[in-house]
Amino acid sequence: MAVHEIHHPLIHHKIGLMRERGISSKDFRELAGEVGNLLTYEATRELQTEDVETTAWNGQKIFIKKIKGKKITVVPILRAGLGMLDGVLRLIPNAKISVVGLYRDEETLQPVAYFDKVVKDASKRTALIVDPMLATGGTLIATIDLLKQKGCKQIMGLFLVAAPEGLQAVQDAHPDVEIYTAAIDEKLNESGYILPGLGDAGDKIFGTR
Ligand SMILES: O=P(O)(O)OC[C@H]1O[C@H](OP(=O)(O)OP(=O)(O)O)[C@H](O)[C@@H]1O
Ligand SMILES: O=c1cc[nH]c(=O)[nH]1
Ligand SMILES: [Mg+2]
């Protein structure tokens, strides 16, 4: 598994704002979408293009570059992943969306799956998982297990903040998956929250804290 921690002044600035105590749901949600957008730009850097002939404005025949190869299905993990979805789709508006629902049991920290609706042609698409937080890694591992059962062969994940413990767990379980994150933080606390982290991203995005 390759882990890409994306260093960019805009990402550092926006993640910094998201860490501030007392941030409003509106601001947190907007920033989650914006960083999701910037991570998408980085994660799609390796997409292949092909030269396609077309007619230019003046009638001249020219070659333009078009994205080729496998199409994408974006996979937001409910709930918090929805906060990044708009930003991701702004760059890849034709992507199909496969929604999965998992929450982390507060006592055991184990993921509990409660919903999935994955596109039928998942085996022909690159899956781009989006979730703000990668903490113990349990939710991501369960999501990747599910996507592989549905036939996905190429899987990437976008996260605002990841913990080293979770990255290691995902690497051990699924070494073939590419992870893009805006920040790798220090550690998990005893309740499984990332430090310094963002707090509970889902509650902040939905205003349920
Ligand atoms: O790496 P893990 O230890 O599994 O934790 C990460 C998961 O926890 C959060 O979701 P949460 O369970 O809070 O659900 P929510 O999005 O509905 O708030 C987060 O959005 C991830 O999905
Ligand atoms: O720090 C964390 C860990 C899991 N889920 C969150 O929303 N935040
Ligand atoms: Mg939550």
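Any Cβ shown, glycine's included, is placed from N, Cα and C.
Going by TrEMBL, these are the annotated features:
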- 7-208: domain 'Phosphoribosyltransferase' (DOMAIN)
- Arg79, Arg104, Asp131, Pro132, Met133, Leu134, Ala135, Thr136, Gly137, Gly138, Thr139, Asp200: 5-phospho-alpha-D-ribose 1-diphosphate binding site (BINDING)
- Ile194, Gly199, Asp200, Ala201: uracil binding site (BINDING)
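Under DSSP, Gly137 (5-phospho-alpha-D-ribose 1-diphosphate binding site) is assigned to coil, being neither helix nor strand in the three-state scheme. Residue annotation for 5-phospho-alpha-D-ribose 1-diphosphate gives Arg79, Arg104, Asp131, Pro132, Met133, Leu134, Ala135, Thr136, Gly137, Gly138, Thr139, Asp200. The furthest Cα pair among them is separated by 17 Å. Checked against Arg79 (5-phospho-alpha-D-ribose 1-diphosphate binding site), the binding-site residues Ile194, Gly199, Asp200, Ala201 differ in C-alpha distance, with Ala201 being the nearest. Under DSSP, Ile194 (uracil binding site) is assigned to a strand (E or B) in the three-state scheme.
Cα-Cα distance from Thr139 (5-phospho-alpha-D-ribose 1-diphosphate binding site) to Ile194 (uracil binding site): 14 Å (rounded to the nearest whole number). Checking the binding-site residues Arg79, Ala135, Thr139, Asp200, Ala201 against ligand 2 with a 6 Å cutoff on the Cβ atom leaves Ala135, Asp200, Ala201, in sequence order. Listed binding-site residues: Met133, Gly137, Thr139, Gly199, Asp200. Those with a CB atom under 6 Å from ligand 3: Asp200. Ranked by CA distance from Asp131 (5-phospho-alpha-D-ribose 1-diphosphate binding site), the binding-site residues Ile194, Gly199, Asp200, Ala201 have Ala201 at the top as the closest. Rounded to a whole value, the Cα-Cα separation of Ala135 (5-phospho-alpha-D-ribose 1-diphosphate binding site) and Ile194 (uracil binding site) is 6 Å.
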